[in-house]
There are 2 protein chains.
Amino acid sequence: MMTESLDTGWFTEVFDSHGSAFSLKVREKLWDVTSAYQHLEVYATETYGNLMVLDGCVMLSDRDNFLYHEMIAHPALFAHAAPKRVVIIGGGDCGTLREVLKHPGVEHVTLIDIDEEVTKAAERFFPALTESNDDPRAELKFADGVKWVDEADDESVDVMIIDSTDPVGPAEGLFKTDFLKRCHRLLRQGGVMVQQSESPLYHSGSIIRELRRDMRAAGFESVATLPFPQPVYPSGWWSVTLAGKGVDVKSFREADAAASDMTLDYYTAEAHRGALALPPFMRRAFEE
Amino acid sequence: MMTESLDTGWFTEVFDSHGSAFSLKVREKLWDVTSAYQHLEVYATETYGNLMVLDGCVMLSDRDNFLYHEMIAHPALFAHAAPKRVVIIGGGDCGTLREVLKHPGVEHVTLIDIDEEVTKAAERFFPALTESNDDPRAELKFADGVKWVDEADDESVDVMIIDSTDPVGPAEGLFKTDFLKRCHRLLRQGGVMVQQSESPLYHSGSIIRELRRDMRAAGFESVATLPFPQPVYPSGWWSVTLAGKGVDVKSFREADAAASDMTLDYYTAEAHRGALALPPFMRRAFEE
């Protein structure tokens, strides 16, 4: 069935519950550390640049992280009328932070990741992602995001970005209705939250549908799921889900997005518009 | 590095030149035949339904073939003002044929695949794909597509769909400029051709760019590459490239597409519009 064994010389992530697996050919392991929260590895791959792995799950590669980072940042920021204060929960690799800071109107970004080892590894092995960390508008905290959100002032944030791992392990609490309610409380009127929401192919009828329902239950009036390609994640297809507090996240500042002079690799106003129109199979899964 | 070996119980396709691999868990092999042209296998997978493999390369799965088949058929048909006569070269699994026949204005579709074994396997193991084969507008021929195109009447076709395997092996001739010139000759004014054109991530600066250049060299005035997700193909991200003879394939019958009552899983007018706006990294790769 195979001409080549993947047992040596490859990093493989098996997606057990979905019967699929994705492998990258590796040159060497560059880093291996077990923090208080998780097992972090970095590999040098043959063709995807460096690869970060947390608890055996691929987090990002040099080659394709632009897709995820642009799509978790820009749709939410352009869905807000004038975002000034942004909070990122998770996102310790700082790729999302870099994208947020490309918006000149943003005045302050607080990033709260529970695990400083992720940021240390990013600084060392993914320096392009951390290149904006010295921006005076950026504030990095290494703390429990759930607790931070619990203690933050009401109506103090314009955009909340939940840039988490899968809804198991350290990030489990970030997918709970209680947490979504606290996010809602933190947002000002017109505020937008966005959360990574897994694979359209694998999770439209489960995790994504439940997250959308939980966001509405938490008080958000509008919800929008945007799919986008992501080769290193299960099924090669991923999504973010936006929720609006007194704002319709199905619309966005399309003219601003089109006129922007940010240097981007994937996001365009047209891609945003296209992603907002869900594939019919997803629409049907959400309505069931 | 791995907790589970993929050597047994999985079908794996290794994409050697791209240092990546994709695997699906299989229950059993259902079919194994070596035709005059290629080695054809069908597997029953755990989670993707049946899987067709040609010469070791994944062709399609029950679960995700809707993406490819909808995106190779509908953008080309909606880019044409009123397609009546359609030719499909390759496409022996008949999934593209089924999509084309959903267009009520289409009067005749000729499918020419070199290998009847593909259609026989589709009839047996992918019956949903061949459900429209008895449509009186459909004509199936098992013959050399290059030769057929060479002998067909000039200006006799509205839409040509090149639904081929990769540009190596039996399909190599379908990626040559001579073949594109013959396609151009066959098309009436206002005609559209479309060809599957590999991975945006892996091939934007090579196969796709060359195909676009070759299409223009063959006389087509307009060219458009549309990316879409495709989990079972290398990188999980794929593309089709359209070319127009006296028609701009960057526009399409958007109102017709939006008003259509076809039952589809992926294609929408908005997805078509979104795909036409290339990600900036692809635009840059094409301009180099």
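Cβ atoms here come from the backbone N, Cα and C positions, even for glycine.
Residues annotated as domain 'PABS' in TrEMBL: B:8-245. Feature annotation from TrEMBL assigns S-methyl-5'-thioadenosine binding site to B:Q38, B:D113, B:D144, B:G145, B:P170. Annotation comment: TrEMBL describes B:H69, B:D93, B:D163, B:S164, B:T165, B:D166 as spermidine binding site. Per TrEMBL, the feature active site, proton acceptor maps to B:D163.
Among the binding-site residues B:H69, B:D93, B:D163, B:S164, B:T165, the residue whose Cα lies closest in space to that of B:Q38 (S-methyl-5'-thioadenosine binding site) is B:T165.
Cα to Cα, B:H69 (spermidine binding site) and B:D113 (S-methyl-5'-thioadenosine binding site) are separated by 16 Å. Checked against B:D93 (spermidine binding site) by C-alpha proximity, the binding-site residues B:D113, B:D144, B:G145 yield B:D113 as the nearest. DSSP classifies B:G145 (S-methyl-5'-thioadenosine binding site) as helix under the three-state reduction. If you draw a 10 Å sphere around the CB of B:Q38 (S-methyl-5'-thioadenosine binding site), it holds 20 other CB atoms from the protein chains shown. Counting only the Cα atoms, the space from B:T165 (spermidine binding site) to B:G145 (S-methyl-5'-thioadenosine binding site) is about 13 angstrom. Separating the Cα atoms of B:S164 (spermidine binding site) and B:G145 (S-methyl-5'-thioadenosine binding site) is a whole-number distance of 10 Å. B:D113 (S-methyl-5'-thioadenosine binding site) sits 9 Å from B:D163 (spermidine binding site), taking the Cα positions as reference. In three-state terms derived from DSSP, B:D113 (S-methyl-5'-thioadenosine binding site) belongs to an extended strand segment.
Neighbour counts were taken as the number of other C-beta atoms within 10 angstroms of each residue's C-beta; across the binding-site residues B:D93, B:D113, B:D144, B:D163, the minimum falls on B:D144. Mean per-residue pLDDT, taken over the domain 'PABS' (B:8-245), amounts to 95.
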